[in-house]
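Notes to accompany the following structure.
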Amino acid sequence: MLRATMCSVEQRDEEQEDEAEEELRDGGVPFYVNRGGLPVDEETWERMWRHVARIHPNGEALGKETRGATDLPKIPIPSVPTYQPTTTIPQRLEAMQKYIRELQYNHTGTQFFEIKKSRPLTALMDIAKEMTREALPIKCLEAVILGIYLTNNMPGVERFPLSFQSNFSGNHFHHIVLGVHSGGRFGALGMSRREDLMFKHLEFRTLMDLVQEYEGAYRGYWHTLRKVRIGQYVSHDPHSVEQIDWKHSILDVDKLTKEELRKELERHTRDMRLKIGKPAPPSPTKDRRNSMGSPLRVPSSPIRRISRVERRPSGDKKVVEQKSAAEINGYQIRV
């Protein structure tokens, strides 16, 4: 019973970390999520300014000065990058990162776009389109969704979520980037307050090399990297109703030797390669999508944990059975 209780508490903590409460905390510092969409409603707007007043050294004065100003400079809106056919993949990724950086990091304490990790990919891509229209400052999770959207038309580039949990002065900090793989090399897109905790050039030979690069950056800020969570490759179909696999592998970095960490990352790399050849569930037609509304929530998969004690191979997804010609024709007649 004790073990079951501990597991349920641990799973609830994981779910809260994914779905988030109204007030989130990163390293003990709270921030809010705008759940009312855009334009921001009055309640969220006022809450944002109250929060700024609490956390900024000159919060009260800054709020009054900014809200009462009539001559604020116009903020330029970045343009979504476009490419020539001859533009190489590394050059395209650098242009995407430049665009993400131009949106600027969100220091307001309120995340403008609500990202629910359990939503299907097609819904998250709609949010990414909204990001390009609104051109508001973003945080790291929003940058991952935007990076997936920007790279959807690059079939030669595989994308996967790569998140970190670090510890500093007794507080836990969470960060996530979009790992990319192409031409036998790994890299990453992302957003962070720190320059060396976001973009990584497509130059790392193994996933281990990429993770060690981030671990070294954390050490430079006196952070201890505790956990690394790695998802599976994300579909390139913007209309896919699949959910992103955010945590296919969860590695306790501080409990693994360097060799054990390398083997687990190699195992995960093989798992990702195997996923490429598997057929994805069919996406609904345009008319069907318009009429179906939001897809029903399905029970979440059990948390996969790869540790020194237990290792679970990823399960194969069922292949969708093909219907006979008679069934298809019959369905067409009914429609």
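Numbers here mean position along the shown chain, with the first residue as 1.
Cβ coordinates come from backbone N, Cα and C, glycine included.
Whatever TrEMBL says is automated annotation, not expert-curated.
Computed from a predicted structure; not experimentally measured.
The Cβ of Cys140 (active site) lies under 8 Å from the Cβ of His175, Ile176, Val177, Gly190, Met191, Ser192, Met198, each on the same chain and at least six residues away in sequence. Per TrEMBL, active site is recorded for Cys140 (among others).
The active site annotation in TrEMBL covers His175 (among others).
Note on Ser192 (active site): other Cβ atoms within 10 Å of its Cβ, all shown chains, come to 18. The active site annotation in TrEMBL covers Ser192 (among others).
Marked as compositional bias 'Acidic residues' by TrEMBL: 12-24.
TrEMBL lists 294-304 with the feature compositional bias 'Low complexity'.
According to TrEMBL, the compositional bias 'Basic and acidic residues' annotation covers 307-321.
Taken from TrEMBL, the feature region 'Disordered' applies to 1-24 (among others).
Residues annotated as region 'Disordered' in TrEMBL: 62-81 (among others). In the region 'Disordered' (62-81), the DSSP tally of helix, strand and coil residues is 7 helix, 0 strand, 13 coil.
Annotation source TrEMBL lists region 'Disordered' at 267-323 (among others).
Sequence-remote contacts of a segment are chain residues at least 6 beyond its ends whose Cβ falls under 8 Å from one of its Cβ atoms, and for the region 'Disordered' (62-81) they are 49, 52-53, 56, 92, 95-96, 98-99, 102-103, 132, 135, 150.
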